[in-house]
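What follows is a set of notes on a single structure, which appears directly below.
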Amino acid sequence: MNSLLLGSFPNKASLVTPGGSCWRSKNWTNNCLTIGTLGSYAPPTASWPKRKIKKEYNFLRFKQSSLVFRCEGIEGGPTCQECNRKHIVKATSGQSFESEPPAFDSKRILTSVKNSLDAFYRFSRPHTVIGTALSIVSVSLLAVQKSSDISPLFFTGVLEAVVAALFMNIYIVGLNQLSDIEIDKINKPYLPLASGEYSIGTGVTIVASFSLLSFWLGWIVGSWPLFWALFISFVLGTAYSIDVPLLRWKRFAVLAAMCILAVRAVIVQLAFFLHMQTHVYKRPVVFSRPLIFATAFMSFFSVVIALFKDIPDIEGDRIFGIQSFSVRLGQQRVFWICVSLLEVAYGVALMVGAASPCLWSKIITGVGHAAMALILWFRAKSVDFKNKASITSFYMFIWKLFYAEYLLIPLVR
């Protein structure tokens, strides 16, 4: 019976002792048969029936085929316990490689997308984007004469103007960053080009793409006031930033202020009002009292923004020869000039509101402008000129007043 059982293993084999090592026999197969697996084995007697012998033979053949994957019994190979450990590790690691990479890849992709959006957000200079969108919506409301004017036609016209203008806005601020990389490494190191998140090639691609998209949209809309607003903004924005002979007007304080004044005070108010008045509503050109007020008030505000934006950047501007008013006159002096100009503008707005024939307009605009004038004054008194973060925070507060004014302009009657 022993010879019958051993004859089913024609090659070398290894039996494992209870200590875990393999006992090798040159006449057995490449298998490790553990005592714990097979149990104790006692040689059968000759009186066993043939059916019992066949059943035992089939059982051992089944064990042979299943255990061949569990260990290697060749001489010099690992023990059975080592084999088991190896295959368990491989199985475990194989399972993790199949299940973990999708989660890891999705997390990495999500992080990459978030970082890309954050970089573009900073590149677009969001405070200017908000200001552009809000000003166009506000001025467009000045063309509304009756409640029926608030229609899908109105929203379509506003959307066309806002999207085209935002594309041009991104071109202008992007070109300025491309021209000021070295300056921004000092003044605004968090911007993508200055920090190295964007290469120059990436910046050029974004700027060129958005300028083309802006002109394309302005052309297919078919509104000449809109197209000319985009074109003039493109010319002035390019002249302001690009470093070629006779241009880069930002080096000269008066020219820099005039560029911002022309776009923020004149182009935005007049061109986008005419876009709604003549292209959307097909009405004749009319310069209403609220439109004239908006243009005059935003002229003050645009000068303030043009002067104030250089106050936090005085260090880099001085190093690179940008002769801003802050460099020439000093931070504190320019700061209080800006605050005084805004207070004068709010005083004029109070008088315009008081002269309004509409009681509700008189109350809302009067209270609104008085409140902003007081908040401006008290906030200005708390600025620490030795702290750049404090000055920058106040500059962003000026932009918030800019937004608030555009909420009041449609209520001027």
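Positions of Cβ are set from backbone N, Cα and C atoms, glycine also.
Listed features, source TrEMBL:
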type: TRANSMEM; residues: 127-144; note: transmembrane segment
type: TRANSMEM; residues: 150-175; note: transmembrane segment
type: TRANSMEM; residues: 196-219; note: transmembrane segment
type: TRANSMEM; residues: 225-242; note: transmembrane segment
type: TRANSMEM; residues: 254-274; note: transmembrane segment
type: TRANSMEM; residues: 286-308; note: transmembrane segment
type: TRANSMEM; residues: 334-353; note: transmembrane segment
type: TRANSMEM; residues: 359-378; note: transmembrane segment
type: TRANSMEM; residues: 390-409; note: transmembrane segment
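Sequence-remote contacts of a segment are chain residues at least 6 beyond its ends whose Cβ falls under 8 Å from one of its Cβ atoms, and for the transmembrane segment (150-175) they are 123-125, 128-129, 132-133, 136-137, 140, 144, 203, 206-207, 210-211, 213-214, 217-218, 221, 223, 226, 229-230, 233-234, 237-238, 240-242, 272, 275-276, 279-281.
Counted as Cβ pairs under 8 Å, contacts with the transmembrane segment (390-409) are highest for 127-144 among 127-144, 225-242, 334-353. Between the transmembrane segment (127-144) and the stretches 225-242, 254-274, 334-353, the greatest number of Cβ pairs separated by less than 8 Å involves 254-274.
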